[in-house]
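**Student:** One structure, as structure tokens, below. Some questions next.
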């Protein structure tokens with residue numbers, strides 16, 4: 001028994017299966033097959049070729065560089081320092097110009113501060129006191145401006161605060177009702193962006209290649225009439241982000257500048273042009289800075305400025321193959337084209353498999369289709385000196401359209417081999 005089972009197992013490993021085609025006159029399954037094929041063809045043409053551009057190779061790691069420059073001038077009161085002129089050296093942080101910069105639109109100035117003792121501001125909760133015991137010496141004022149000296153003094157006729165050692169007088173907290181640098185709405189921001197796709201040895205800059213030295217001094221960006229001029233008016237950028245300049249300039253905020261590169265390198269390089277978009281990222285943005293100088297008696301002074309303004313965050317992206325991919329460039333290549341076409345064509349085989357499953361398992365005459373599709377051809381054992389004649393008796397073909405009228409058939413049995421000849 002064990003030997004017979006082993007022989008049967010080894011014989012099963014040597015079986016060969018070949019495809020058998022059966023023409024089925026079933027309109028429902030035929031319609032399903034054509035619909036599935038049409039869906040696969042639509043996927044190949046619409047998504048793989050047009051949307052995803054599966055025939056292109058991409059550069060996933062290009063290099064991008066951004067250089068910025070702000071220009072403009074304004075006049076404003078600078079606290080005790082009086083009226084002063086503000087230019088790019090005063091209202092731009094940092095001065096070297098990169099992909100992040102800050103434009104001052106409003107400020108609070110505290111002039112001529114020197115280190116000494118003075119009452120803390122009553123706006124600081126930890127500085128309120130009624131007696132000296134409320135101001136332990138050497139303790140810092142929480143969210144304040146200095147160290148407590150141990151004394152409770154009068155700040156004005158209505159408030160008593162702890163005396164501190166720090167920069168005196170303490171910082172002024174009175175915010176102007178309108179932005180002091182309202183002229184900043186007409187300032188211009190020059191953005192120079194260069195991308196380099198190393199895989200294709202292709203570089204592109206967003207500035208117009210011109211021999212006119214005055215072009216960038218007179219042009220202003222317009223998405224329809226002047227899209228090649230990378231000089232933007234501040235007010236236009238704020239409004240494109242959905243805000244008004246007056247509201248954002250008073251307390252500050254953050255604007256995102258997005259540069260989109262859509263480059264199909266199968267077309268001329270002139271069609272590779274950037275698109276700009278602006279979005280509001282945050283409201284209320286400020287920080288402090290100070291300038292120091294020595295007095296006539298060698299005493300150190302400073303002018304403190306609390307600056308409010310607009311922070312510009314410039315980012316470079318690309319949208320070549322799909323909205324989910326960023327900063328890519330595409331160019332035709334035989335390898336991704338072959339992979340995309342091969343994968344799509346394989347889906348045609350899936351359509352056939354689905355129709356076979358419907359025909360063999362879900363159709364009302366699935367049993368008959370199963371018998372007609374799968375047939376086992378068995379050869380008799382060959383003995384020494386035996387001759388196998390007519391090993392397979394072929395049945396006449398039955399058209400599936402005559403299934404309803406077909407008479408029952410006897411089970412198929414191969415003919416036995418002839419007997420041995422002893423002569």
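Glycine is no exception: its Cβ is also placed from the backbone N, Cα and C atoms.
Annotations per TrEMBL:
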- 69, 70, 71, 188, 286, 287, 288, 306: ATP binding site (BINDING)
- 118-168: disulfide bond (DISULFID)
- 129-152: disulfide bond (DISULFID)
- 135-162: disulfide bond (DISULFID)
- 186: N-linked glycosylation site (CARBOHYD)
- 219-229: disulfide bond (DISULFID)
- 263-272: disulfide bond (DISULFID)
- 341-362: transmembrane segment (TRANSMEM)
- 404-423: region 'Disordered' (REGION)
- 408-417: compositional bias 'Pro residues' (COMPBIAS)
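So that I understand the layout, could you describe where these features sit and how close they are to other parts?
**Tutor:** Counting every protein chain shown, the number of other Cβ atoms lying within 10 Å of the Cβ of residue 306 (ATP binding site) is 17.
Around residue 168 (disulfide bond), the same-chain residues at least 6 positions away in sequence with a Cβ under 8 Å from its Cβ are 113, 114, 115, 116, 117, 118.
Listed in sequence order, 119, 120, 127, 128, 129, 134, 135, 141, 148, 149, 151, 152, 153 are the same-chain residues at least 6 apart in sequence whose CB falls under 8 Å from the CB of residue 162 (disulfide bond).
The Cβ neighbour count for residue 186 (N-linked glycosylation site), using a 10 Å radius and every protein chain shown, is 13.
The C-beta environment of residue 229 (disulfide bond), restricted to residues of the same chain at least 6 apart in sequence and closer than 8 Å, consists of 208, 215, 216, 219, 220, 221, 222.
In the shown protein chains, 26 other C-beta atoms lie within 10 A of the C-beta of residue 263 (disulfide bond).
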**Student:** Among the recorded positions listed here (186, 263, 272), which has the Cα closest to the Cα of residue 288 (ATP binding site)?
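**Tutor:** Result: the closest of the recorded positions to residue 288 (ATP binding site) is 186.
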**Student:** Cβ neighbours within 10 Å, counted over all protein chains: which one of the recorded positions 70, 118, 129, 135 has the most?
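**Tutor:** Going through 70, 118, 129, 135 one by one, the largest Cβ count within 10 Å is at 135.
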**Student:** Taking only the recorded positions 186, 263, 272, which one has a CA atom nearest to the CA atom of residue 287 (ATP binding site)?
**Tutor:** 186
**Student:** Quick one: largest C-alpha distance among 69, 70, 71, 188, 286, 287, 288, 306, binding ATP per the record, in angstrom?
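**Tutor:** It comes out at 24 Å between the most distant Cα atoms.
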**Student:** Count the other Cβ atoms sitting within 10 Å of the Cβ of residue 71 (ATP binding site), across every protein chain shown.
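**Tutor:** Within a 10 Å radius of the Cβ of residue 71 (ATP binding site) lie 13 other Cβ atoms.
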**Student:** How big is the gap, in Å, between the Cα of residue 186 (N-linked glycosylation site) and that of residue 69 (ATP binding site), rounded to a whole number?
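**Tutor:** Cα-Cα distance, residue 186 (N-linked glycosylation site) to residue 69 (ATP binding site): 14 Å.
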